[in-house]
């Protein structure tokens, strides 16, 4: 839901109480007694936030620094837990740890030290704000790599400070960790320039040249025929995109760079060829940069290096089809595009860097341009347009 245009998550939990007192202490572990795992996760959304604020030496400086870090992460296209990067709680814990390291520092100094510390952090050593005990023996499983094999596989553990302690960044994968480390390194370089008076703070918050780093991209297109259907269908596909990234990064001949921002627009189309009625089609795009390692042997002049993504994309389309709430008008399409085929409004919205929101919105879509001359290629990508396979059950 949204309040004054601001997205808000509503968490529900059933407490084992006859009534809820106004002075309820959410950090009292007793309130977890009798809860199921899902309720504990909902309850911990509030408990973790409250505990973080308890553990920082100066809340005002913490908040100011966190605002800057989150703005930087959004601008740089690395703010999204669901896509395998880091989200709000992850960044908050990272900033809080810096505040603990340097309790007397001002926000500008904390921001510089944030990049200094994390650009050299040896992952998967965990980030922890406090030791989390379980004196009541409530029996909920927490993050413990000594016991749980799955916990040992986590690449960038950032541990929540409320019982049960969990890894808030379990979605991070090899490709997104590489991108996060590169961005933290870039941030450190910029803060060094700022500290030596060679640059201003604005240079830290410059948007990435994402669409200049690659010539080839996968474009994930999510569509639905009305806003309500779009919200549900978009949420489902977004929550599954990480599985697409995992399959792609496992391929030996490719390096991927997902960009954690969606580009939205609404088109007015005919309901059917026989009807003059119109409907609005809501669309969102996500782009994945593709790079290909240079061949070990010198290539023959004019030869191309073929990479087949068809199977991965087909399997992902089948995976997204599993949602029972899907019906006619909801579709997901993945196709290969080159830089020259990406609309100017998308390129400009990233290059300008003025908007750090998750969704970049364009009210009226551009008409598709005539096919431009293809970029000089280092590879030929065998990736035909792949639609979600379930047949549409209706029109607009």
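From the backbone N, Cα and C atoms, a Cβ is placed for every residue, glycine too.
Among the features that TrEMBL reports, ATP binding site is placed at 9, 70, 79, 88, 89. Secondary structure at residue 70 (ATP binding site), taken from DSSP and collapsed to helix, strand or coil, is helix.
Note: residue 9 (ATP binding site) has non-local neighbours 45, i.e. same-chain residues 6+ apart with C-beta under 8 A of its own C-beta. Under the heading Mg(2+) binding site, TrEMBL lists 9.
Under the heading compositional bias 'Basic and acidic residues', TrEMBL lists 355-368.
Sequence annotations record features per position, and here TrEMBL assigns domain 'Poly(A) polymerase nucleotidyltransferase' to 1-56.
For 62-205, the entry in TrEMBL reads domain 'Poly(A) polymerase central'.
The domain 'Poly(A) polymerase RNA-binding' annotation in TrEMBL covers 210-270. With helix defined as DSSP H, G or I and strand as E or B, the domain 'Poly(A) polymerase RNA-binding' (210-270) counts 27 helix, 22 strand, 12 coil.
Among the features that TrEMBL reports, region 'Disordered' is placed at 351-396.
Residues listed for ATP, 9, 70, 79, 88, 89, cover a largest CA to CA span of 18 Å.
Less than 8 angstroms from the CB of residue 89 (ATP binding site) sit 48, 49, 81, 160, 168, each of them six or more residues away in the same chain. In three-state terms derived from DSSP, residue 9 (ATP binding site) belongs to neither a helical nor a strand segment and is classed as coil.
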